[in-house]
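Scroll down for the structure; my scribbles are underneath it.
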Amino acid sequence: MKTILTTYTLLFFCLSVVAQGIPPRVEANLDDVYAQYNLSGEDVLIVILDRGIDYRHPDFLDSNGNTRLAYIYDMIDPTGANDPNNPYGIGTIFDRNAIDIALDNNDPPLSTDRYGHGTATSGIAAGNGSGTTGLEFQGVAPNATLISIKITHDPFPAFGSEPGQAGFFNPAYLPVAMQFAEDKIAELGLPAVTLMNIGSIGGPTDGTSLIARAIDDFVSNGNTFVCGVGDDGGNDNHASGTVAQNQTIEVDVMKGEAGFLRFDLWYSEDDRFTVSVERPNGNVSGPFIAPAGPNGSNDQNLGDIQIYHRGANTEFYEATSNRRELMIDFTGTTGTYKVILEGAQINSGEFHAVLNPSTYYNNNRFTSFVSPGYSINDYASANLVITPGDYVVQNDWVDINGIPRDITGQGETGELWIGSSSSPTQDGRLGIDFVASGEVCHAAYADNTYYESFTFNVLQNSNGLYGIQNAVSAAAPLSTGVIALMLEADPSLTPAEIKSILQQSARQDSFTGSVPNHTWGYGKLDALAAIERILGIGQNEFKNFAVVPNPTPGFFKVHLDNSYAEVSVVVRNILGQIINSEVFRNTNELSMEIVGDSGIYLAEVITSEGSNSTVKIIKQ
């Protein structure tokens with residue numbers, strides 16, 4: 001277990017302004033963690049699957065100017081695909097030595113994050129804040145070692161003198177990325193947490209897709225994995241119902257935005273739905289019969305509408321739940337489309353359908369068969385993944401030009417962020433573990449990126465190196481950083497133990513209501529409670545147990561629920577050194593003295609019957 005110190009001055013990303021809400025570090029009780037325990041992510045590895053990283057940013061350099069990155073795996077750069085040191089046949093791998101050489105020579109960047117999302121993610125989880133002198137923008141685990149895996153590109157238009165960028169994502173890369181992560185975790189020999197900060201609504205969302213199964217395999221091999229629930233809350237983007245034999249129903253889809261809209265419906269392989277589509281002008285295409293069997297398909301190219309009707313063995317996600325997929329891509333005019341389903345052969349008749357994009361800020365939505373929830377992404381439906389959502393703790397900031405800015409209409413302090421996806425999974429599991437304070441976080445901004453082009457998001461006193469990050473994309477890396485601190489406190493923690501500790505230590509309040517539930521999971525992330533649960537502090541097996549006085553000038557008494565034949569009391573300082581130990585017999589009141597400096601001490605009480613408890617004592 002990690003050695004703990006009495007003082008620790010490093011602070012999470014502090015605010016330089018008086019805000020409407022509470023800084024995320026305070027809300028998550030990270031300040032208390034830093035004040036009481038020597039935890040910074042040292043000797044812990046954080047692996048991030050995202051849009052890459054600006055490795056030249058000061059946040060990712062140590063005090064000697066060397067990189068904090070053990071590896072960058074740019075899966076989109078094909079130049080190193082055939083390198084003898086790249087057994088994956090995809091992308092280009094840069095090790096620490098290559099990165100340091102590029103830094104020393106001021107070479108053109110080996111790999112970039114032109115959008116900015118991956119750099120911001122990495123900064124929240126593990127930035128060291130050295131882009132400013134006050135360390136006010138420091139991340140959660142500032143001394144962690146990093147690996148960046150560039151798995152995707154977001155599209156954006158040209159800005160300033162910078163060219164635009166086309167989007168890129170190939171889900172087949174994800175299992176390769178996880179294999180690379182697993183290989184490097186083993187090579188480096190450090191306790192590790194992996195974050196995949198991508199994902200949106202669609203797919204079977206029942207834990208059986210190829211990617212969800214790959215995530216579970218990764219975790220089953222002892223690797224902790226985090227994926228946020230997604231940013232698809234706040235709109236009517238889920239429809240469900242039941243179609244009876246020979247019944248015809250109409251699922252109404254409001255296409256309120258120009259461009260692309262995807263409808264993704266899943267139903268049992270034992271059923272057969274005949275499909276027609278009615279356009280806003282009343283023109284109907286169909287009916288189209290269902291595929292005959294699990295290996296069949298019935299696809300239709302209708303110009304402005306593409307229909308992909310697939311059996312359980314030919315659907316796009318390679319799921320194992322024996323369900324059919326009806327995917328429809330709309331690219332035509334705006335208006336209301338009707339997806340007409342007829343029950344040609346029915347055993348169950350149940351269906352779930354989702355829309356993408358259909359978020360709180362657009363007008364694509366269902367207008368019939370609407371049912372709340374079920375908006376988490378397919379990756380977050382894996383059985384063993386750790387899945388945070390997002391809530392609001394602060395919604396204003398001052399930008400680099402000294403102009404106050406804020407976000408309105410997305411939730412007030414303490415409330416769930418409007419866009420945080422909600423569960424359950426399509427197979428009925430909870431699907432969300434807890435929520436973290438992602439509204440809004442301070443994060444590293446990469447130079448000459450799309451993020452940085454929005455100067456109203458660049459923060460005052462940041463030297464242009466930090467800006468805001470929000471949504472589940474901020475809550476997930478914050479949670480990942482907390483897990484890194486947990487692994488520093490106890491490197492032996494298993495993924496299942498970490499997941500359980502985060503659930504059981506989450507905080508309930510008037511906003512969360514009774515937990516667990518489908519929007520808040522088990523409640524709000526509490527880093528201090530998680531760390532102290534690991535250390536055994538506050539876990540009490542006695543019905544009535546008290547230490548008085550606490551704080552104490554030196555002497556204290558332990559009151560137990562009963563008289564025990566033998567009770568051992570061991571007092572340790574925060575370095576873990578035993579400073580006093582005594583054995584008491586046939587008593588329920590113990591008197592002891594703390595001899596030492598003022599600070600925090602841990603008293604462990606163990607009875608001959610096996611009951612035990614550890615309590616934190618403050619000596620004045």
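Residue positions begin at 1 at the first shown residue.
Using N, Cα and C of the backbone, Cβ positions are placed for all residues, glycine too.
Annotation source TrEMBL lists active site, charge relay system at Asp50 (among others). Proximity of Asp50 (active site, charge relay system) to non-local residues of its own chain (separation of 6 or more, Cβ distance below 8 Å) is seen for Asp113, His117, Gly118, Thr121, Ser122, Ser148, Ile149, Lys150, Ile151, Thr152, Leu195, Met196, Asn197, Ile198, given in sequence order.
DSSP assigns His117 (active site, charge relay system) to a helix in the three-state reduction. Neighbour count (other Cβ atoms within 10 Å of the Cβ, all protein chains): 22 for His117 (active site, charge relay system). Positions annotated as active site, charge relay system by TrEMBL: His117 (among others).
Under the heading active site, charge relay system, TrEMBL lists Ser473 (among others). Here the Cβ of Ser473 (active site, charge relay system) has 22 other Cβ atoms within 10 Å, regardless of which shown protein chain they belong to. DSSP gives Ser473 (active site, charge relay system) a helix state.
According to TrEMBL, the domain 'Peptidase S8/S53' annotation covers 41-523.
Annotation comment: TrEMBL describes 1-19 as signal peptide.
Over the domain 'Peptidase S8/S53' (41-523) the predicted model carries a mean pLDDT of 97. In three-state terms derived from DSSP, Asp50 (active site, charge relay system) belongs to an extended strand segment.
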